[in-house]
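Participant: Have a look at this one before I ask anything.
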Ligand code: SF4
């Protein structure tokens, strides 16, 4: 049987392999699930007690977040899980690559569970191992691979992290991408970085934090022969950015910033570095989800904020801070549709299955991939300075 390297999202559906990639804007957040499920989730979680630890990513729905033992970004959650070795089951309310990272960082006997296996990430799906291996072969052919240090964003599959581990590279988060790049450029004479899979985080960090010129950044398009680049372009580049992006953060556009600034006096524009470079250039503040939350928590009453990150988080911040004027930085209401696959029915099904002695949807990274991914993660953890929060 031939193994086909398909992205995760279509698994179990088999209809339209290009569908469900998190790009629809349905107009509002999904409706809340049947409220009776709240009592069932509460009962199942109580029955499991300390055997279960529920992690909730910031972009999850309110109906799921209420059952989270901890909330955070992907890396914080993986570390929180590792700090709870007594928990038999780690229920990860987030997306697939996050559950993989939790599996890598937790003890072998702990089971990491993703309540819906189709909760993938369109950005992580944009860099497949076979594509990255092809790119590496082309870089070798062009005579530049010896100079290249691969760095992958946390938002990538375990096999891409393992690829970086094997090729003397590292993982980074949106908080420490600058430190990771500094480290990477110090690894080899005339080093170049292959940055996976988010071109925007790579470009924003390289240009705005490292002072690298825009024209020293080239984009490797895995769908084009030789990435769509000439050997000369590869030789001249400092940053080889993988052509991937987040389908939520990639939507924000600079004209909406202009429009809102014209309407709202003293507007503060706060965006995530996964946004396009043109958006980041126009923003007042740029940072990770944890940074965004901190800025809002310390904002003076009466101040106005347009926030460019996932809608569930923006709405939750607006609800928690009625003293602020918080708005979403997009004309259309758009959330991460894959994150939102984890809903109360899936959570109840997961918890009740565990109560009944069944362990569903276990995410298990194979030992070789886990070893090399951990090498890349450990290199990140050894980086100096900053906290490693995403
Ligand atoms: S918000 Fe973007 S990066 Fe995060 S899971 Fe959704 S598609 Fe992936």
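The count begins at 1 with the first shown residue.
Glycine is no exception: its Cβ is also placed from the backbone N, Cα and C atoms.
Annotations per TrEMBL:
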- 57, 74, 153, 154, 155, 174, 272, 273, 274, 289: iminosuccinate binding site (BINDING)
- 121, 246, 336: [4Fe-4S] cluster binding site (BINDING)
Participant: Taking only C-alpha atoms and a 10 A limit, tell me which of 57, 153, 272, 274 are near residue 246 ([4Fe-4S] cluster binding site). These are the binding-site residues.
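Facilitator: Among 57, 153, 272, 274, the ones whose Cα sits within 10 Å of that of residue 246 ([4Fe-4S] cluster binding site) are 274.
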Participant: Which binding-site residues from the set 121, 153, 246, 336 have a C-beta atom lying less than 6 Å away from ligand 1?
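Facilitator: Once distances to ligand 1 are taken from each Cβ, 121, 246, 336 fall under 6 Å.
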Participant: For residue 155 (iminosuccinate binding site), just count the other CB atoms lying within 10 A of its CB, please.
Facilitator: 29
Participant: Whole-number answer please: how many Å between the C-alpha atoms of residue 57 (iminosuccinate binding site) and residue 336 ([4Fe-4S] cluster binding site)?
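Facilitator: Cα-Cα distance, residue 57 (iminosuccinate binding site) to residue 336 ([4Fe-4S] cluster binding site): 12 Å.
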Participant: In whole Å, note down how far the CA of residue 336 ([4Fe-4S] cluster binding site) lies from the CA of residue 274 (iminosuccinate binding site).
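Facilitator: Here the two Cα atoms are 13 Å apart.
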Participant: Tell me the Cα distance separating residue 336 ([4Fe-4S] cluster binding site) from residue 155 (iminosuccinate binding site), rounded to the nearest angstrom.
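Facilitator: That comes out at 14 Å between the alpha carbons.
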Participant: What whole-number Å value do you get for the CA-CA distance of residue 272 (iminosuccinate binding site) and residue 336 ([4Fe-4S] cluster binding site)?
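Facilitator: Distance (Cα to Cα, whole Å): 14 Å.
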Participant: Give me the non-local Cβ neighbours of residue 153 (iminosuccinate binding site): same chain, 6+ apart in sequence, Cβ-Cβ under 8 Å, ordered along the sequence.
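Facilitator: Counting only residues 6 or more apart in sequence, the Cβ neighbours of residue 153 (iminosuccinate binding site) under 8 Å are 123, 171, 172, 173, 174, 177, 195, 196, 197, 198, 201, 202.
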